Amino acid sequence: MSVDKSKALVLWLDEVTIEDIPIAGGKNASLGEMIRNLSPLGVKIPYGYVVTANAYYYFLDYNNLRDKIRKILEGLNTDDLKDLQRRGHEVRELIRGGTFPPDLEEAIKDYYNKLSEKYKTHAVDVAVRSSATAEDLPDASFAGQQETYLNVVGAENVLVAIKNCFASLFTDRAIVYRERFGFDHFKVGIAVGVQKMVRSDMGASGVMFTLDTETGFKDVVVINAAYGLGELLVRGEVTPDEYIVFKPTLMKGYSAIIEKKLGRKDRKMIYGTGDERVKIVNVPKEDQKKFALNDDEILQLAKWGVLIEEHYSKKNGRWTPMDIEWAKDGILNELFVVQARPETVHSRKKENVVKIYKIKTPEEERKNRVIVKGIAVGDKIATGKARVLFDLKEADQFQEGEILVTDITDPDWEPVMKKAAAIVTNRGGRTSHAAIVARELGIPAVVGTGNATEKIKTGEEITVSCAEGETGYVYEGKIDYEVEEINLENIPKPKTKIMMNIGNPESAFRYASLPNDGVGLAREEFIIANYIKIHPLALLHYEDLKELYEKLERENLIDEKGFVQFKLIYHYANGRLANKLAKGKDKLRVNLRKILQDIENLTFGYEDKATYYIKKLSYGIAKIAAAFYPNPVIVRFSDFKSNEYANLIGGILFEPEEENPMLGWRGASRYYSDVFKEAFGMECKAIIRVRNKMGLTNTKVMIPFCRTPEEGEKVLQVMEEYGLRKGENGLEVYVMAELPSNIVLADRYAQIFDGFSIGSNDLTQLTLGLDRDSELVAHLYDERNEAVKRLIAQLIKTAKEYGRKVGICGQAPSDFPEFAQFLVEQGIDSISLNPDSVLKTMLAVVEMEKKLGVLK
């Protein structure tokens, strides 16, 4: 029997579709749409019913409330806060005091009883959610505060919750909004969804977006997860785990998780007892250090996210990224989707215009001016006077263009946020209220700083920067920056491939929107120093170090702070460890206790120390490879010098003190040495994970500082020992051309490797025999020197003769567009640049190609 939906008071969720927003509200219409279309594809959605907007109006008229409400609100001055609060309270109490028409009450109870039967219980636990139905409001988020009542059990309690939802249409904020914009209070309806609760109080919950929310990058699903019911995450009171899944290889069947970050999940909301429907409890310490979801669950959610996005994109006739709420039932151990709505910020963006915020103040100077740091929202920068607010009661002090600094925000803060140049909060994550609103307003926000309200004072000038990757910084005073706006439609594409040098995986999604042909140099060093932080040999020999520490402690050879003399470390180390320790450091004192504690803290939750290194490195590489997929991404194996490796945790134990590290134990010579070989093996395993497990076969590798062809052959042999074979599954191996020997013997290197990448920085130093860090000779350092240019021209010629690819990843073409033109003249295949010089160099290359007749 077909239902006349336009008059219905109550409908099952699968009776409504997205076209029914006027009677069912956006949330319920979306649930109905998914149950009808996506449940058959395996997406699990809890069942329920909708008390329609017709029922709301019927309730108002049955209780003669329209005139009474109009009367209460007559002559309201919305600037008089006390008067507003008094009248708002009166309206809400009036609605709560109303009675349901008997037929409506009976229908609501009848549907509740049938829902209980469906779930084989006499009184099913439900979530009761309001959903405003105003179609003509320009910003429906202000139509009514969306109330949610969780763990409602029993028909009578459902009726009370529905009444509370009706009353939520008249929160003070909603009244102000409609009064200010001249909307009729009764043109805005409300529908209420009654949906089976998912027992996420015993499991986990969160949100997922089918794009990267900060950059609008389309090819990922970003999932946030926390323990318990979802309210704390939405309110920003816990920092959730974050998982990123790459869509193109996920849909080919790969385990495409390209990033996992552990959140600070110290509290959770669970079911309460008696009158207390829900309560907040602490999460046990061991659970805080675990991920809320396992890999299979992450992949399952991501696949559902893609299915939901595909459905809505098809329905709307355009790409429609989605914002989806999910929950994991801890009793059933099953995942469910509980809500989905289109993501509104990036889907409306102009795709061809890129704005790039560039900081001009030097990094050294900025470092000393950091007040607090947290999670960056967006990629902009703002400067202004800080206004620290602890309470909304102080909101009237807030001036247009100030920077809002507060503990946490909720929807009641939105009128203040709309006036802010930027937002800084103590608490909250990427999906907290402050982050969502900042994105919608297009202003930078730094959330989850921990202590901004203590560190920042009202009236002081500060700069909020979200233009430095995933970490947002708040600086003292004004930081110098510029904004470049580029219309990509106006950029002609050269024949020479234009690639990028990327070190920080956090900036990869942002830079991928620039015109490019891939990444000519992806550096591992940033990932190792910032993600991993621990020397690879300290991880591989952790158990040996622990055993050594216990031995030394038994002998009372460690002081109260944890220090021990290096010569004692040599003396007591077992054979395995002793062979790897640095020599000649007898007199040095080392804090062995701190090294072990730091390693233990960073690697907690990983099955073993080597896995920590391999996974962390693979996530960093994968993020870059995914951002530029399917274009090639050339990953240079680690090229730290011994003094740089020594700065890593535990590095002091294993790294020699060299007079000239730049010419010492670095690059290829490390990879096959008995001391370092096993550490290099972990790098190989990380690449295998990225290519074979995640499906990112656009990843290629490059050997730095390879002094002789024989060294090159030895490295390829070690790679094979660890399962990474040149040519297997299309793997290409390049060599850095940064030593004169690489160019003099280019014909021999060409028979070993698939291609060359010119490292013009070291090549210039080694050709001219100078140290560019020495101010006495630095004035002679110039990549445009005739000797350097002749070597480069010779290499390009040899590479062409042997059918090998040749590119450049050094600094020169980024700094000097005329140098890029010289490379084009020589017939180079690709030029890899720093992201901030891609566009100007591209124009210089196009100009030269036109001159040479390569480009018409």
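Glycine residues also receive a Cβ, built from the backbone N, Cα and C atoms like all the rest.
The active site, tele-phosphohistidine intermediate annotation in Swiss-Prot covers His433. The substrate binding site annotation in Swiss-Prot covers Arg523, Arg636, Glu738, Gly759, Ser760, Asn761, Asp762. What Swiss-Prot lists as Mg(2+) binding site is Glu738, Asp762, and the listing cites similarity to another entry. According to Swiss-Prot, the feature active site, proton donor maps to Cys809, an assignment based on similarity to another entry.
All features noted in Swiss-Prot, drawn onto the structure.
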residue	record	Cβ within 10 Å
His433	active site, tele-phosphohistidine intermediate	21
Arg523	substrate binding site	21
Arg636	substrate binding site	23
Glu738	substrate binding site	27
Gly759	substrate binding site	25
Ser760	substrate binding site	26
Asn761	substrate binding site	16
Asp762	substrate binding site	21
Cys809	active site, proton donor	31
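Other residues of the chain with a Cβ within 8 Å of the Cβ centroid of Arg523, Arg636, Glu738, Gly759, Ser760, Asn761, Asp762, the substrate site, are Leu521, Asp639, Pro704, Met736, Ser757, Ile758, Leu763, Cys809, Gly810.
Distance between Cα atoms for Arg523 (substrate binding site) and Cys809 (active site, proton donor): 11 Å, as a whole number. Counting only the Cα atoms, the space from Asp762 (substrate binding site) to Cys809 (active site, proton donor) is about 11 angstrom. Site extent for substrate: the farthest pair of Cα atoms among Arg523, Arg636, Glu738, Gly759, Ser760, Asn761, Asp762 sits 15 Å apart. In the three-state DSSP scheme, the residue listed as 'active site, tele-phosphohistidine intermediate' falls into the helix class. The CA atom of His433 (active site, tele-phosphohistidine intermediate) is located 46 Å away from the CA atom of Asn761 (substrate binding site). In the three-state DSSP classification, Arg636 (substrate binding site) falls within a strand. A gap of 6 Å separates the Cα atoms of Cys809 (active site, proton donor) and Gly759 (substrate binding site).
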